[in-house]
């Protein structure tokens, strides 16, 4: 029987962490080729190519310094070389590059291959407003695509601290193979069929985290923060049922790592919460705050809030999502941060 | 039509906060008597009786200093006087006194009265191991009994900071009346029918909070803590379905304030989490730690963990509740705190 192969598309801190795990696991699996190719966006570090450094030193000195990668993980700057021959394509890259990557690898795909996305975010679409990143992969490449989502800070996972993740895969055979490839003694996996719900939780939670930050910045205590997190959670759920109800979302998904655990982690740490605090404690624009605090990078939450806002406005549903709506308006400075709590007083969840 | 009446059984910081809210609300309700009697366990403060101080100064200087109570809240040291004539009996007292209070007021109850419990905890029973506090009320007084549970730190609610709570009431008419009595612009209520699930969440979450504290004390990060909180949440759910499945628990309850929000608040603040940290960072016994840090009072979490442990052991179910089990064993010092994470590696939720 031909041995199967994994290709990893991406090599940031999460991609490199995942390469460490998958590289270690395939070593122990009889039905997989030992070599795992990892696509690296080529750049120079101290005058040397990053791929060369990774292949010589077995460390991604740029994005995951200090963590040894297994020697069977092979870095390549050639996207097609990383993808061709792979039965399992692991997408773990910034979401803005996904479309281009799909276009590039389309023609070299191995028949029968499937994808798994570890990317948290949304794409824009003209019809619906937002589009799942996995739908982009599915449509563009004509392959099935699962997700792995959860409360996973790369830095902690790479240090082998105990945590969990959720595998979302409609096809149970795919779910089981992904579990074999990704689970370790410290990185524990639950398989669910609701790949759409899992992916959407991963994207929408960032809006809630901005809200949690705003509340913290305004000086409220744990009670109010817990209320905001929960109301955001309820809006995530409503949104998923409202716009993706035809794709069989499951209530149980919200209690998985991709749901409640990722939400908690994000609302107590991370850049989206930080942006929320900054919005509540200064009068500067979001862009200025991102420049000051995130080196000019964008936080995902305000972006997702704005995409979701456009959809809700078009369908006249803003009053059913007061938290999502208020977060967006605070991000654009239409609404002062101090007006946030007032917006939650008549929440539909209390009707 | 005869006017209805509320009696409040208890006057600690939560009881006094609730008296403030209910006292204010009945003023605006046409079908309620203005007077709200509040039972106070009589004690002396600076040589004066606490009931007299409350009735003169309209402030519970002992348990809720600085917060003005409405003048229609009348403190009484006479439990029967507080309970008689009341159509709505609000139980908000330390759970160890509940049995005795029920015995005392049994004979004076007004026909048609119902109860609502705001007490978080469990009673012991010989048959099942644990018993709901509301079952004690229901059985002893032969009245219906709802609950109000949620992420509600009395100090924050009394300052009118925005938060939420869940009304659990099988009888929707009771639920609606409770909402009229308890909801304010800053204290928002959702009514659910699953009173049993709501009450159990309020009690069991304290075990999880000890676990969250242990993880924090061991120096783990947000990832691992989120995993522990979620696994504890899953065990709460399993436990409720396993032992109270015949009483119609609902999946949706876990996403209410009494579920996820109260769990988060308790795992990020409060005495149970503090005990967890202490257990992980010293070798002292639980009793010594409680003496040092809680003035000798007991934390609820270790107590509940021990009650639950006895039940699970008797039914040979310990391996299906590894987190509850490990928390109990760490509290008794049978297991070193450092062994906690190892116990979670093969969690049934990952099967």
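Glycine residues also receive a Cβ, built from the backbone N, Cα and C atoms like all the rest.
Just so it is clear, the model here is predicted, and its values are computed rather than measured.
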Which one, A:188, A:271, A:333, is listed by TrEMBL in the same NAD(+) site as A:10, A:11, A:12, A:13, A:14, A:15, A:97, A:154, A:300?
A:271
Have a look at the binding-site residues (A:14, A:97) and report the one with the fewest Cβ neighbours inside 10 Å.
A:97
Reduced to three states, what secondary structure does DSSP give residue A:272 (substrate binding site)?
helix
What whole-number Å value do you get for the CA-CA distance of residue A:14 (NAD(+) binding site) and residue A:120 (substrate binding site)?
11
Residue A:272 (substrate binding site) and residue A:12 (NAD(+) binding site), distance between Cα atoms, whole Å:
19
Determine, from DSSP, whether residue A:14 (NAD(+) binding site) sits in helix, strand or coil.
helix
Suppose the substrate site is A:120, A:271, A:272. Which further residues of the same chain have a Cβ inside 8 angstroms of that site's Cβ centroid?
A:206, A:209, A:266, A:270, A:299, A:300, A:301
Taking the Cβ of residue A:120 (substrate binding site) as the centre, how many other Cβ atoms fall within a 10 Å radius?
23
Which one is closest to residue A:120 (substrate binding site) in space, judged by CA to CA distance, out of the recorded positions A:10, A:97, A:205, A:271?
A:205
Give me the count of other Cβ atoms within 10 A of the Cβ belonging to residue A:205 (active site, proton acceptor).
30
